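A.B. asks: Per Swiss-Prot, the feature topological domain 'Extracellular' maps to 24-145; the stated evidence is sequence analysis. Per Swiss-Prot, the feature O-linked glycosylation site maps to Ser44, Ser62, Ser64. Among the features that Swiss-Prot reports, compositional bias 'Basic and acidic residues' is placed at 102-118. Taken from Swiss-Prot, the feature transmembrane segment applies to 146-170, supported by sequence analysis.
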Amino acid sequence: MAPACLLAPLLLLLLGGFPLVPGESIRETEVIDPQDLLEGRYFSGALPDDEDAGGSDDFELSGSGDLDDTEEPRPFPEVIEPLVPLDNHIPENAQPGIRVPSEPKELEENEVIPKRAPSDVGDDMSNKVSMSSTAQGSNIFERTEVLAALIVGGVVGILFAVFLILLLVYRMKKKDEGSYDLGKKPIYKKAPTNEFYA
């Protein structure tokens, strides 16, 4: 009975709170024009409020049919073309004062070699933490949280089973004591029926 009472509010909370989540995520993904930010129109905390963007004509309609319901078609937002191209092309002569080395000797002099290459064998594994998002192929039972939960759940289950068996044995003994004990005197004794004749 208790799990059913707890299940109903949990389902209500999960199903009732679910529609609120997508609304917030849609609002967070609205696009802000980066050109407006670069031109300095808005400062920190002074960005336009999304709720104030709508016109007040939506609130003027009464819904009783008094006014004309036709709305003017709203134009689609214009696509802003970026001033800087979005490709990765870097011009060859980006800065006239810097010369790119082209000979093999110059390339070898400019090469940076790491002091110690990381190797997988023989390293100290004490500082390497296995993240759950990176351990894709690992077994679920290798994680300590899962093992601890399984052990605690098993202990609680075994204790519950032992107490249930003890309760059944106790009730059986109590029932057996009353039904087979013939040496006891009855609690109620029938009064003798003596008849007197006149």
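Residue numbering: from 1, along the chain as shown.
In case you wondered, yes, glycine gets a Cβ from its N, Cα and C as well.
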A.B. asks: Taking the topological domain 'Extracellular' (24-145) alone, what is its mean pLDDT?
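C.D. replies: Here the predicted model's pLDDT, averaged over the topological domain 'Extracellular' (24-145), is 63.
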A.B. asks: Determine how many residues of the compositional bias 'Basic and acidic residues' (102-118) DSSP places in helix, in strand and in coil.
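C.D. replies: Across the compositional bias 'Basic and acidic residues' (102-118), DSSP assigns the residues as follows: 7 helix, 0 strand, 10 coil.
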